[in-house]
Each structure stands twice: as structure tokens, then as C-alpha cells.
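One structure is given here, and the rest of the page talks about it.
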Amino acid sequence: MNAAIPNQAAKFLAATAHVDEAAVQPLPNSRKIYVEGSTPDIRVPMREIRQADTPLMFSGEAGTGAERSEPNPPIFVYDCSGPYTDPAAKIDIREGLPALRTKWIEARGDTEVLRDLSSEYGRQQAANPELATMRFPGLHRHPRRAKAGMNVTQMHYARQGIITPEMEFIAIRENNNRAAYLESLRASGPQGAKLAALMSRQHPGQNFGANLQGEITPEFVRDEVARGRAIIPNNINHPESEPMIIGRNFLVKINANIGNSALGSSIQEEVEKMTWAIRWGGDTVMDLSTGKNIHETREWIIRNSPVPIGTVPIYQALEKVDGKAEELTWEMFRDTLVEQAEQGVDYFTIHAGVLLRYVPMTANRMTGIVSRGGSIMAKWCLAHHKESFLYTHFEEICEIMKAYDVAFSLGDGLRPGSIYDANDEAQLSELRTLGELTQVAWKHDVQVMIEGPGHVPMQLIKENMDIQLESCSEAPFYTLGPLTTDIAPGYDHITSGIGAAMIGWYGTAMLCYVTPKEHLGLPDKDDVKEGIITYKLAAHAADLAKGHPGAQIRDNALSKARFEFRWDDQFNLGLDPDKAKSFHDETLPKESAKVAHFCSMCGPHFCSMKITQDVREFAAKEGLNEADALARGMEVKAVEFVKQGAEVYRKV
């Protein structure tokens, strides 16, 4: 097998590669902060959003003087953007990000640095002079692998009772600095205790058996990983990544898919999609490239990514045999796994549950097999009339995974591609097989999550979640949507966002975004952002519905800002400050409108919140509570009505 010689090298030159300037700007009125752990090298990033003070007229405090106001301390939100939004960081994508986990990995003493790449294909690519102009220039280290007989997975450490720095990092990150925020409220003034109670109020949730914690501790993280209910996707060859966790007892996460195709995109564009995706909240990114220079594209993405990177290795393996599925071999696939593991891929989607006997079950479907990986393996099974090498060599795959700490994302190759096919025999048979394979992986202390559908109408979503929890022993579920209807091409980020919010509530740990281009074309940067924002909404709505501790703080802060006409704070506390501000400024562009007590929806005389504030002012002036003030106000208006002739309509 010869390494591919690119025919598009001139389109991307490593020497002129540059960061997307839009991705490195701090979000409005926000700054990057770092919360330190038990050692100085555990520095957990968060985004601090500063707010304006509440004017006296809204604060509820007695007293006079324009200087009196109620402070609104900054709130803290989960931040996936890595150093890109930190003005103090020096970003050069030709050098990649700092390897922040290297010392932790070295300190464990169970890995070794290899003299050369283990993959035949990787060595061919490294030696190919035609690739010199596009090759990532900043990697000055050799890959690592577990020492002989060692297991380097976070699950293995967890089962040995070891709390790793990654686990402590995650515990701090999941708590979102909530304790510090509430303390800042209590210390903010005479109304501090009342304000803390107001901002921390949250509706009780329905968590469907999830084990949510008031405070996440490193020990809780360790226990969940040991049980297999959560995974930490952190390949030892991706030390640039910031530790994160995927599990239903933690915040719901989202994934963004990027990747080139045979019809378009370049390395520069894919790196820009990655940095754009994490800016808006992508917790992980999957590189699904199927076009030219897959190896080189992936290297650039991994070296510049602070979030875990996932792939579907069978895509690249298929490119190596010119798209002929029947020519795939275990040896070629194994080499691809090692190649990608030594680059630093954090999780592999592997469609090992597509069994030969399940393929005929799809014959009467409306849309057949829609998974690319699933269709590749189904074709291979039929061509050779035997079970796929992914299934028969699964234990050997586990040996590779635990040597680099790559997590499984067991692929749903028979997922439904239409609501007509939802929850059918093929889909659920494969799901149960994935549960069996999970037990095999856990025997090797290899981390596992399970991929899910797909297209499922709302009334069938909970059944899907319940079957997964039972069949897969609560291994994290990772779903594409699901799309709840098939009638809206161009709007499938919405059709799927509905299903994503529901299945996230029922227990899915990570939601794979869908962009408006789904089923229609390759998404660009704008589509990536649209998909991310939609899925951040779905994940947050799921956290609220589950009753995840502290989930409502941001909602409360934005609602308070809205009621107090703090327009800039409304924009900045939202998921997309830029769009919120642009919509407002379309009709009220002047700076004075940022302090106006109305917007263009109702105008100055019909703003419900302004009317409510008028009632409160009237109540305070008359010494009444709000209910009595409304009654007194109605009496006054009634007298006016009679004096004016008791006519429903008056000439003016």
C-alpha cells in the first residue's frame, strides 16, 4: 500500500497557516479565569461574565442618592475554548497548543516514548517528500505507548483507587465555581443573603434515576469512571487536551462534527471549524474527513485542539483501498488504529455491532442502512459471508485502546435513517450486541460510550433510552439528535434539537450536533455555529429538566438583567451575544437604546416589564404590597372611566 500523494498541496501551505482571528477574541464582557487545584499545574479554565450593577430603582433597597445600587457579581460558565479566548496566550497554529498533561503522564511511569511511529502508513506519510509543504511543523516529540504489560486508561486507574490529576481537574470544572459565585452574592451588601437565595433558586427536576451530586468531588469522578458510567477521553498522545468527562451524572455535553470530503474543504478550513466550534461550546470534536490528506488534516486538528478529538477509523481505512469495502482487511484496519492512536485521537467510533445476521433485518426499512460505517461493514460481511473483523478481533482492538487510552464510541451502524424505521429489530439487536461488547471492553478496563440514533419520533425516545441503560449497563449514551420528524430539510438542527433535549433529559450523556446542512451538504463555519448553539440549548434544557445543581443560575441572572433593562448583560449572558445584540440593534441601534426601558417589540407604552415596575413603584409610594397596589390602581382607573363618560371607545 503506497501513501497517497496529494494533488491539492498548493492549496494549503504550512508556512502560511494562521489562526482564525474571529476565534481568538474574548466574548463580550468576558474574561478567562483559572481555578487552581491542589497543585499549581492544575489550572481549570472558566469564563467569567461581568455584569452591570442594578440601579437603585430596581434594587429594593431604601435610601436616596444616585450612587446607591445593587451589585451583580460576575457569573462563571463552562468554557471549552482553551487558550484561544485568553488574550495572554500566544497562539500559533504552526506550533500547536501547550502540552499541559505531559508531566502528569510522565509522573505515572507506565508509558514509554517510542523511537519511531509504529504504523506502517504513518511512517510512509512521514517519509513522503510530497507532503513536506503541508505537514504540521510544530511536533517535536515522539509518540508514547504503555510499557509492556501496563494499562494506561483512566478507567484502570479509577479501578485501582487512584484519583488522577485529570479527575481532580474535572471535578473543579464541573462545579463551575458555583460556591465562589454564591459567596460573592452573600458578600455583596445588605441584600446579599436575599440575592444569593434568589439567584440559586431552582425548580426541582426529574432525573429518571441519575445520581446527581450537589458538589462534584474527585472521588465521585473516580467512582463513576470505575463503574463505567462515565468516560474521560484523554489519549496519552493528546497532552494538549483539557480533561473533561462524559456521563449522565455530569453536565450534558455536545459534540461537533467537522471534516473534509472528496468534494471540498482544506486543512485551514477544518482547523478554523474546530476553533470556531469550541468557541461556541463544543465539548468534543469529531474529524470525519473522507477526502484528501486525512492524516495531515487530523494532525493539524489534534495539535491545536484543547478538546477531545474523535474519528471513525474505517473511513480512512476505506480510502486506503480506494473505496472498495470488500478489500478491507484486519491488518490494514489495525495499522490505521495504531496510526491514529499515536497521533492522539481520543475516541474511536467502531461499528463492531453490525453482525451478518442483522443485515437482512434492514431489508424492509424505508431508508435501509444510513450509517456510512455501518454500510461499509454490512457490505464487507455480505461480500465475505462472515462476521466483520471489527467483531472477531474486538479483544485485539481492546489491547490497542488500553495501550494509548483511547475510548470506544461503539457505533450504531444500523441506526434508523427515518422515523419510519425507528426502534426496529435491526436497531435494537445491534444495541444489545453493543452492550455485550461493552462488557468485553470493561474486562480490559477500556472506556466505552454507546452511540445512538438517529431518527426517532418523540413518543419512542424514552423507550430507546431505557433499553440502552439496561442493555449497556449504564455506559454513557451518545446520540445524534434524534431527529423527531423528517419533513424539514434545511432545519434539521431544529428537528433534532427537540429530540436531543428530550433524550438528554432522559439520560443521554453527550449529544452529537446536527447542522442546518444535514442531508444537504458539507457544513461551513456558520453552519457549525448554528449547530453548536442549538445543541448547547438542548443540553442546557436537559440539565434544567434533570435538576442538575446550579444549572438555573445563568437563567436567573439573564432574567434579572432582562427585568432590569440591562440590555448589554442580556446579550452577554446569552449563548450567542453577537446575534442577540445584532437583532436588538436592527431597530434600536443608538447607544441610548441600551438603557431604554423598552424594546422594539412593544415600544415604550406597552412593555409588560415596565408596567410591572410602575406597579411596584406605585406600591412603594402608597405603602402597599403589589396585589393591593394593583387593586388600588384598578379603582383609580375605574373612576377615570366613569368620569369620561363610560364609553368603551372614545374619540381622540
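Placement of Cβ uses the backbone N, Cα and C atoms for every residue, glycine included.
So that you can see what the record holds, here are the features copied from Swiss-Prot:
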BINDING   ASN257, MET286, TYR315, HIS351, SER371, ARG372, GLY373, ASP412, GLY413, LEU414, ARG415, GLU451, TYR478  substrate binding site
BINDING   HIS455, HIS519  Zn(2+) binding site
BINDING   CYS599, CYS602, CYS607  [4Fe-4S] cluster binding site
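Annotation: GLY413 carries the greatest number of neighbouring Cβ atoms among the binding-site residues GLY373, GLY413 [cut-off 10 Å, Cβ to Cβ]. Looking only at other Cβ atoms within 10 Å, the busiest spot among the binding-site residues TYR315, TYR478 turns out to be TYR478.
Of the residues the record lists as binding substrate, namely ASN257, MET286, TYR315, HIS351, SER371, ARG372, GLY373, ASP412, GLY413, LEU414, ARG415, GLU451, TYR478, the two whose Cα atoms sit farthest apart are 20 Å from each other.
Long-range Cβ neighbours of ARG415 (substrate binding site) (same chain, at least 6 residues apart, Cβ-Cβ under 8 Å): VAL370, SER371, GLY374, GLN427, GLU451, GLY452, PRO453, GLY454, HIS455, LEU480. Straight-line distance linking the Cα atoms of GLY373 (substrate binding site) and HIS519 (Zn(2+) binding site), rounded to a whole number, equals 16 Å. Comparing Cβ neighbour counts within 10 Å across the binding-site residues HIS455, HIS519, the minimum falls on HIS519. Non-local contacts of ASN257 (substrate binding site) by the CB criterion (under 8 A, 6+ apart in sequence, same chain) comprise VAL285, MET286, LEU288, CYS512, TYR513, PRO523. Here the CA atom of HIS519 (Zn(2+) binding site) lies 20 Å from the CA atom of TYR478 (substrate binding site). Within 10 Å of the C-beta of SER371 (substrate binding site) we count 25 further C-beta atoms, all protein chains included.
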